[in-house]
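Worksheet: one structure, shown below.
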Amino acid sequence: MKDFVNVGLLGAGTVGGGVLKVLEKNAEKIAKEVGKPVRITKVLDRHVDRLKQEYGDKYIFTDNADEVLEDKDIDIIVELLGREHPAKEFIARAFANGKHVVTANKDVLAKFGSELFPLAHEHNCDFMFEASVCGGIPIIGPLKTSMAANQITSIMGIVNGTTNYMLSKMANEHLDYDEVLKEAQAKGYAESDPTADVGGLDAARKITILASIAFNTRFNLDDVQVEGIESIEACDIKYATDLGYAVKLLAIAKNDPENGVSLRVNPTMIPLSHPLAGVNGVYNAVFVNGDAIGEAMFLGLGAGRLPTASSVCGDIIDIARNMQHKSTGRISCTCFEEKRLCPPDKMSAPAYIRLQVADKPGALAAIAAAFGAQNVSLRNVVQTNDVLSNKAEIVVITHSVSEANLQMALQILRVLPVVEAISCVIRVEDRHLA
């Protein structure tokens, strides 16, 4: 038996550098946790010269992946390259060579998990990925272990820090979307191309991973209905607040025994009393409902160098412990079921709708009739009038309505002479997801 657990690191960027720092700073504690020292022996990165200047001879740096993946002395590969390719191929090669893998790569997991998990199982390798969802928040481990005895009925999460920062700013400082996006980019919270964040794709990848674990079924990114926050205006958040709601970009997975599993990411109005409503700034949170545990919420920083490195290092320690006790591969892929998906048109929830209308007699009655024709019942109606322009803005919140009926009602509204525009549609979650 070797005296060390040897780790090969693929990628020494922001998170990779954090992993190097945490493993070095807490080396003595980690050795006691595992039963032997854990050390990084080789690091793959394009910037070899710069890293040698920064770290000296502490590690062997290389830009040749073979030197790491084919090294028989390396036990664990930590993949932190941050893109789909060649990360997917490197992970597959690691398993083929009998090496355990830790990754933070949500893109690879959401897209290629169905290929990689069987490989890990075939070679009796551990495959851990706590940092792939919500950075420093422990959620994947608890779903696989502490909550394994539960039938999970729903997961609802704020899993993207960029959009949560933006919506929090819009709510607290009454700023417009374009203003807060520029500020988020200036502070480094949003990329120069923010599409994946504001469009909901980043959150969709994460709910794909969480739902696959929670519902024991392999879901793909294409299974998620996705809407971003681009259409949200400051006035929508003000209306929501006045009506007792907060607006959040939520990733939601529900397991309905009758209709199947629904997966969606969209701006959502939740009651101000809900625990998620108070999660602001760049913080993330995941709210889980299970038949035994009831309701549980996991809160923390969803990104950042050290929070994410903390989760990566936790996975390294777990694997090293398993190696010590010869129990690797004991928690393999948990997707042993094939739950059916709920057809998108059968998904149901209340909806907030903001319309621009001509301020004419009978306008509100015509709008109410359009909703009624599709069995959409209205719960709240707010109307504001602009006397100078002879226009009005109408906000409605419906009772729970199927997506099919809602879309048919919206089609009718778009061709009504009194309706000039449907400015915004936001789904509503009125209570905890029981």
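Positions of Cβ are set from backbone N, Cα and C atoms, glycine also.
The DSSP secondary structure for LYS206 (active site, proton donor) is helix. Annotation source TrEMBL lists active site, proton donor at LYS206.
Under the heading NADP(+) binding site, TrEMBL lists LEU10, GLY11, ALA12, GLY13, THR14, VAL15, GLY16, GLY17. In the shown protein chains, 23 other C-beta atoms lie within 10 A of the C-beta of GLY11 (NADP(+) binding site). In the three-state DSSP scheme, GLY11 (NADP(+) binding site) falls into the coil class.
Following the DSSP three-state reduction, the secondary structure of LYS106 (NADPH binding site) is helix. In sequence order, SER132, VAL133, ASP202, ARG205, LYS206, ILE209 constitute the residues six or more apart from LYS106 (NADPH binding site) in its chain with CB-CB distances below 8 Å. Marked as NADPH binding site by TrEMBL: LYS106.
Counted within 10 Å of its Cβ, the other Cβ atoms near GLU191 (L-homoserine binding site) come to 13, all protein chains included. What TrEMBL lists as L-homoserine binding site is GLU191.
Per TrEMBL, the feature domain 'ACT' maps to 352-431. The residues of the domain 'ACT' (352-431), classed with DSSP into helix (H, G, I), strand (E, B) and coil, number 24 helix, 36 strand, 20 coil.
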Non-site residues, in chain order, whose CB comes within 8 A of the mean position of the CB atoms of LEU10, GLY11, ALA12, GLY13, THR14, VAL15, GLY16, GLY17 at NADP(+): LEU9, GLY18, VAL19, ASP45, LEU80, GLY82
Number of Cβ atoms other than its own within 10 Å, given for LEU10 (NADP(+) binding site): 25
GLY13 (NADP(+) binding site) to GLU191 (L-homoserine binding site) - Cα separation in whole Å: 16
Using Cα positions only, nearest of the binding-site residues to GLU191 (L-homoserine binding site) (LEU10, GLY11, THR14): THR14
Three-state secondary structure, GLY17 (NADP(+) binding site) (per DSSP): helix
Segment confidence, the domain 'ACT' (352-431), expressed as mean pLDDT: 93
